[in-house]
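Student: Mind having a look at this structure? Questions to follow.
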Amino acid sequence: MSGQEDWESEIDNPPACVPNLSNSEPAFKASNQNYFSSNNAFNRTTERGFGNRKASDDCNQNFEFSERGFGKQRAGSDANQNFESSERGFGNRRGKGRGGFGTFGKDSNGKQESGDFTNDDNRTIDDNRRRGGFQRRGGFNDETSGRGRRGVRGGTSFSGFGREDGNEQSGFTSNDGFNNETSGFGSGRRGSRGDSSFSGDRESDRGRGFGRGGFRGRNEDIGVESGKGQEGFERSEQGPRVTYIPPPPPAEESDIFKHYQTGINFDKYDDIVVEVSGSDVPPAILTFEEANLCDSLAKNVCKSGYVKLTPIQKHSIPIIVAGRDLMACAQTGSGKTAAFLLPILAHLMVKGVESSAFQTLKEPEAIIVAPTRELINQIYLDARKFSYGTCVRPVVIYGGTQMFHSLKQISEGCNILCATPGRLLDVIRKEKIGLTKLRYLVLDEADRMLDMGFREDIENLLKSSGMPSKEERQTLMFSATFPSSIQSLAREILKPDYLFVVVGQVGGACSDVEQMVIEVDEFGKKDKLMEILQEIGSERTMVFVKTKKKADFIATFLCQEKVPSTSIHGDREQKERETALRDFRTGQCPVIVATSVAARGLDIENVSYVINFDIPDDIDEYVHRIGRTGRCGNTGRAISFFDKRGDDEQRIARSLVKVLSDAHQEVPAWLEEVAFSAHGSSAYNPRSNKFASTDDRKRGDSRGDYSTSGFSPSAAQAEEEDWG
């Protein structure tokens, strides 16, 4: 055809003359590096580039680098192509790369295309796997969806605004963020350090924290093992970085020492039976004067409204002052926090503190660990109250808050460190605190930490560098329940001659709580809850449910029914959790719906009712839940919904009957029938094997001379009754 272009002929017969570009210079020359190497080597590292990668191994390709050039392509045969890429330029990539704003590249098999529409092995471009990026030497097309075709001189750089994976995905970079193998914008091997910083949609490529990369080069590490950068930002694996800074604690003295009055039943504590087992037991004290507190501490105790010692305080304070390890078990709301804080503070104030704000490495003398953020913050407020106006500085750190804030608090001086296990291990790994001067290690709610997911954290804490051995430190463990299995674990932490204090009925519910069990099926619980709340009115009520989703659902349902409510559970952000507790404490929301996160140790003023919307399958959890009311001699009521067909109800039935009987509460006849039918079934977990009523060392394991104080044989016999 004369005068017309023969496209078929041009495609089948490539031009005989190929321009020689070997003498071309790059756009920006920033180093003396040889741009045209002939040794067919692959340079696998880039520094701060916009995504330079090696070519596919299918052909003998040669990548050459300039430090700041834009890079360009050299001419050559299909089987031996040479590429230049820039270490700081708009990187050149191989087929499966995830690099920069593409200049001349390759297709997914490492073969260069020789025409607009076909490559050398005569496959159409639509058959190739496509990536997003600036392609065809300037056009922007998403090849994944088949839009656009590659240009004559190479393919795309497989990045820019796109993702790899062979399907269309969005995002500015292809590998989930700005950083990958060599940081810069995009680029890098999958699985390299700091896999993703500003994560996109792909779960498999998500990294933790800022990682290595982001806005820095390969060797400029700003990430740490637990996903928290040195700048103090925490990042979850799927969420944004944590920037929440909790509000400062109250500064006014009247707010610091604000307290609620003890109830009319507080004097009944004098009648509670106490057992202390072990050798050489220090005698109990009866008044605060006998504790020999320094003047400043004694004044703060008085300002806090403490007039009379509780049973756990009478026995624990002299034991701790004597330097003995202690495992103390007392019912909820009986003053366990003051029982370990007062002797620790008294010792630090008399002997003097060693940690100073002027030291680079802060070394606290006491570390207090609790399983929940709310509980550890409460312990801190008590420590701050008792140490007010003294040389002792308590600090609290916990997850869900900005790491930088935690480190800042520590840097200002730290004598008593209150922490949750995870955040404590983080600051130890960062070497922000030292442990060589540690005198006291306190585990509050110790049974939960050893038995419910925190055991590994506690073991890692005890193995931390600088941690004194158990012979060199004083270890104190407190809880409302100490099952036998936990006692066996605790003996690995405590000295062999530790003392065991039992107050009242171990694992039993507080006698100041009126307990009621109501038979109701699953579908009638909401109506029954509304009926009870309408009768209660504006009295402060905690509603416990089993799942996080149900907590939000019930709270929303109550709000729709014009009952001001809020919720608290582990999936809520720390700011939301603290706001919920504040609204509940102030009475803005008289009803709070919670999971077990709020069942441990929280001391909220004037909680009149606890409602178990979902009864727990573990009797320990039941005891802790109802212990949110009836505290410090105040009376309270606990109402539990019981669905006889529920699995959890079957598991707890017989243990629940015993708890009710021990607390002199009425046991419904139908509940006794359920408990009897559950006897011997797989759903029944015998309470006698779960609860420890006395020191396990007394059960045939005689490793010392054990004495008892205030011990009632008849009471112990009842507690040890075998329900199995």
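Positions of Cβ are set from backbone N, Cα and C atoms, glycine also.
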Student: Please find, within the list 372-375, 400-403, 412-415, 444-447, the residue stretch that Swiss-Prot describes as motif 'DEAD box'.
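Tutor: That would be 444-447, per the motif 'DEAD box' entry in Swiss-Prot.
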Student: Cβ atoms within 10 Å, counted per site: which of Gln331, Ser334, Thr337 has the most, among these binding-site residues?
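Tutor: Max Cβ neighbours within 10 Å, all protein chains included: Gln331.
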Student: Determine, from DSSP, whether Lys336 (ATP binding site) sits in helix, strand or coil.
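Tutor: Lys336 (ATP binding site) sits in a helix per DSSP.
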